[in-house]
Amino acid sequence: MTLRLSVPLEQNQRQSLLCPKIAVIGVGGAGGNAINNMINSGLRGVKFIAANTDAQALEHSLADVKIQLGANLTKGLGAGSIPEIGRQAAEESINELAEAIEDTDMLFITAGMGGGTGTGAATVIARLAMERKVLVVAVVTKPFYFEGARRAKVAEVGLEALRRVVDTYIVINNQNLFRIANEKTTFADAFKEVDKILYFHVREISSLMVNPGYINLDFADVRSVMSKMGKALMGTSEASGENRAVKAAENSIANPLLDNLSVQDAKGILINITGGPDMTLFEVDAAANCVREKASENVNIIFGSTCSESMSNVVRVSVVATGISPDHSELSETGDLDEEGFSGWREEKSDEQKKMELLEIPAFIRRVKKKS
């Protein structure tokens, strides 16, 4: 007979076992920078992973886990803006990636679309996580106009491939930074605004499930709104003074960095309202209804509210709206995709134009269907 004795767990140990495990993986240069900014912002309770083909960039990472993708393939020198190299590098390092996300319940993937490592490796990582029943959310950027048509096309095709292997994805167009920037805004500060979207997204979701609150959510609630829901918008805003709750709610669903998305088109909405001890029932009602009234009648709304002693006189409203149909630009130029990438443009162009453009596109998106 085997006698098994166990020491009662402390409260924080029990909570650690019960809480869902959330990880954020930054892929490529843009993803790695986002990870560093999140860590510097003080986000806790999340596992940070940096994955890059560029060994030198990884040396500057603050992540808990660092994975050099494709060490044999790239020799640590990066993917050279070729997504096929990024894809192959991720496949080479698939065992390390699998180990890094082991036991993860929810994985955020952040990357820049249009380059080599982020565009090529993000889809491999997403598929790996989905195969392990992980809830996968991608937060990715699209290039500036000045980066050229070719990079924009590669970004669109990379995004099309990625969205097929994630539960939810948020797209931030770098060009939209001009909506919030002025002539004195530094390049570094502008990108910090982009990284804040990921930071707020992770913070609010983890807060609802982990921190004590008036109305907490469990992982099943979050999964019901975010599993296999496609395109999403995310916004968070704080306000004080008169009508603070309504002001925060209105600003949270009008994120200038996202491409004219609306909660009206959403199938699911997660609302988190945070305030201090002075937040009233009427304020919570007003903020929640402000969002609800702009949504469709049949939308699935998941609501939570938390209290923060440090937020006296301030109310914060965070909204994640999911199940929004992809806009026309995401579908019109990407063609039909197989699992590995591009298989033809939908634009009406001459055969010669198509041949010339295809020659400029990396191999993994140059999969043209043969005419039957």
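Heads up, the Cβ atoms here are built off N, Cα and C, so glycines get one too.
Because TrEMBL annotations are produced automatically, they should be read as predictions rather than curated entries.
Neighbours of ASN33 (GTP binding site), defined as other CB atoms within 10 A of its CB across all chains, total 22. For GLY29, ALA30, GLY31, GLY32, ASN33, GLY116, THR117, GLY118, GLU147, ARG151, ASP195, the entry in TrEMBL reads GTP binding site.
Within the model, the domain 'Tubulin/FtsZ GTPase' (21-213) carries an average pLDDT of 92. According to TrEMBL, the feature domain 'Tubulin/FtsZ GTPase' maps to 21-213.
According to TrEMBL, the feature domain 'Tubulin/FtsZ 2-layer sandwich' maps to 215-333. DSSP assignment over the domain 'Tubulin/FtsZ 2-layer sandwich' (215-333) gives 40 helix, 39 strand, 40 coil.
Feature annotation from TrEMBL assigns region 'Disordered' to 327-351.
A C-beta separation below 8 Å, combined with a sequence spacing of at least six in one chain, links GLU147 (GTP binding site) to GLY114. Taking Cβ-Cβ distances under 8 Å and a sequence gap of 6 or more within the same chain, the neighbours of GLY31 (GTP binding site) are ILE25, ALA50, ALA51, ASN52, ILE109, THR110, ALA111, GLY112, GLY118, ALA122. With respect to Cβ neighbours within 10 Å, the binding-site residues GLY29, THR117, ASP195 differ, and GLY29 shows the lowest count.
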